[in-house]
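Quick look at what Swiss-Prot lists:
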{"type": "ACT_SITE", "residues": "172", "note": "active site, proton acceptor"}
{"type": "BINDING", "residues": "105, 106, 107, 108, 155", "note": "ATP binding site"}
{"type": "COMPBIAS", "residues": "452-463", "note": "compositional bias 'Acidic residues'"}
{"type": "COMPBIAS", "residues": "467-476", "note": "compositional bias 'Low complexity'"}
{"type": "COMPBIAS", "residues": "531-549", "note": "compositional bias 'Polar residues'"}
{"type": "DOMAIN", "residues": "25-283", "note": "domain 'Protein kinase'"}
{"type": "MOD_RES", "residues": "504", "note": "phosphoserine"}
{"type": "REGION", "residues": "414-490", "note": "region 'Disordered'"}
{"type": "REGION", "residues": "525-549", "note": "region 'Disordered'"}
């Protein structure tokens, strides 16, 4: 039962119909139309968001059993799939009076990937990589499903885009097949231009989707439909079964991209599965921002806004990772006596178990990203990205210390006062104490002293033989974004670090002045003053805190 709050307005758009619960209202606007179904724009009154209303006329479906089977297959699959690269299903029902079958899915603002690519002729190779990686992640999920799922009709017409987010998702699963055990599929079905050679032999497995994926990437790169030089399906069949690639394949100017597409279009015995293709160098980012999923930005902002109010994050299906199994909130508290900041993390799992973790945060030496990486490793957090956690921490610190964001280079923190990485010898590692209410022991977490990160280099240099070997946070912790260690990139990173250090000099001096002022105030108030030495005791750092413990 939903309570409707309405307001009088002449500009409001009336619903053509609503679902049985009254939650979803359909408009007349048609988003797309196929041979079997029509997709309308609709509105979800509970979440306050636009959705896609898929409608099928049952009279048309019942003319033959095949369309009915396709419809059932699509809805049944969507109800059981849950992945960020697969179109999200909401609900379905049959309208007996109108003789229609209806189901609600998420809305895509920019249509299909084919329409989107034809609309925007100039697309950077980094965008192609991002789209390809999202699609391949979706295929890896489908093929790794239990039992495995084959799409069988993957093409740019069946991939949908949210252009303002850089997000693509796989849809139209009406032709998908579920492989039971180790059996292969045995029906010829799909779109000829995207069908693998073995499909015509009626004996194939999930690798046919990899072939179709390669054709999708080919279309993304060239903007041309595969085998557009052919005038009929018979010509396409002859080329495909003889192993001849489309003419557009030879138009690819990017060498690595052409090699990658060729890998996807190999014969089935040499074709790699989705999980292995994800590790291909073509999809690896040379810059950590190359493949940054732009659609995650609204998620981070939403998390920050909720965490700022100390609210446990609710994972709405429209904004969060559907594979996530825990809720997390981070709140900060400042000690008014010594101005030490303590952060409290609450983690709620799917079984209702709550973990409370408290630890100090030193605004002069700690960075949100370092702390987030520690948390991910030591608390064994697998369903949260370190950057998301870092954004929550940064938001809390900024609320407690408003000027901190300006005096700190945000998540990409640079410390001024040490040499470059190549000049650094052995450095002392700091440790932080995470205390969890759900465990009987405290876990010390080591952090590297060197905060020297650049925008292109988040992996610490582990070649230094003098580096301490007892640090728990080793290089494997940082491998959430690839980097290239050639001489040119190393020189560029050194230049970036030097520039950032120079820019942070003024901010660093501001921090020093602020600290000196606070020490003077505390001294006059009689806080932190040692009468034996007639000196002011410094503000305790994370290391001092641990030693006292």
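Cβ from N, Cα, C; glycine included.
Confidence for the domain 'Protein kinase' (25-283), expressed as mean pLDDT, is 89. Rounded to a whole number, the distance between the Cα atoms of residue 172 (active site, proton acceptor) and residue 105 (ATP binding site) is 11 Å. Long-range Cβ proximity for residue 155 (ATP binding site), meaning a same-chain Cβ under 8 A and a gap of 6 or more residues, is found for 114, 191, 193, 194, 212, 215, 216. Site extent for ATP: among the recorded binding residues 105, 106, 107, 108, 155, the largest C-alpha separation is 19 Å. Around residue 106 (ATP binding site), taking its Cβ as the centre, 19 other Cβ atoms fall within 10 Å, counting all chains.
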